[in-house]
Amino acid sequence: VGWWLAWILLQMEQEGVTVKGSPHFNPDPDAETLYKAMKGIGEWMSADLPAEGCASLGSVPPLGAVGVLTLCTPAGTNEQAIIDVLTKRSNAQRQQIAKSFKAQFGKDLTETLQSELSGKFERLIVALMYPPYRYEAKELHDAMQGLGTKEGVIIEILASRTKNQLREIMKAYEEDYGSSLEEDIQADTSGYLERILVCLLQGSRDDVSGFVDPGQAVQDAQDLYAAGEKIHGTDEMKFITILCTRSATHLMRVFEEYEKIASKSIEDSIKSETHGSLEEAMLTVVKCTRNLHSYFAERLYYALKGAGTRDGTLIRNIVSRSEIDLNLIKCQFSKVYGETLGSMIAGDTSGDYKNALLNLVGSES
């Protein structure tokens, strides 16, 4: 039974992935393609060959080159070649391409891409080059830099990741920034928002057993009602404790029991009892508990809807979910909003940025 369940889970996981990588992968030609695609580097040619527009240089030729070499005048960055390689490789394959690029050409691939590209397209391509946990650590770090904290980014990541994922993010954060993620959140937020974020960071909601104690679920529902609707004012810590330390399967039962007692949904009670970032954090926990794919579909929809695109949210969620469950998010997106994620991206973005996003999203079949 164990192997059969593992096989089913693997199939479900594969079904959600939009970026599966190249089946016949070799990092060396990919690194060479990227090298040639970038104008600032140019292209070494043998002096025996016709070299129109090339000027002889006194610099040292690359390792393994024979005879006198000339450096061709760059013809401009080939963005499409960059898109074709990096959006069609898995993250693990991109890391191997970066190693090959460094070994062959003595340059850091991510830094070279940054120097050659610009704007939203650069932001997307650079995001693809980060290992997953380092990317999410970077997003959290960036959210706490400068004036004003982007609480929405922190809430999104902490409420939607598993305990193991959070542990890896914290480890990557400490390695890259030399400080504790928990301590930085505590320094950058305050009050009940700080408490719920720190509580979420512990990852106490994971419970793979799926066990639910019906009596405890009823008790939790009664405690939530007593902490909110039943009294004048709100006992926020009771809400935080239950929402952040109970498993998803248990909370689903709590929400059912709560509705029976309060004659309203837990979402409605949170909206009437709290406000601002604390309300957003609590509602995000509820949304991720009810349906994680619906939550991400909603994030993507509102990133694209209306005047202006929230590019940070769009890039982060497409890049971070492309090798996990983006296909399932796309299904939920179409079901809830009546149009495809791809069509909304096509209508709201343009150029190389649009083409790269659509490659990552994949077909809508």
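Residue numbers in this text run from 1 along the chain shown.
A Cβ is built for glycine as well, from the same backbone N, Cα and C atoms used for every other residue.
Now, the feature entries from TrEMBL:
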type	residues	note
SIGNAL	1-18	signal peptide
BINDING	Gly306, Gly308, Asp348	Ca(2+) binding site
What's the number of neighbouring CB atoms sitting within 10 A of the CB on Gly308 (Ca(2+) binding site)?
9
Excluding Gly306, Gly308, Asp348, which residues of the same chain place their Cβ within 8 Å of the centroid of the Cβ atoms of the recorded Ca(2+) site?
Leu304, Lys305, Ala307, Thr309, Arg310
Run through the Cβ atoms and count how many others sit within 10 Å of the one on Gly306 (Ca(2+) binding site).
9
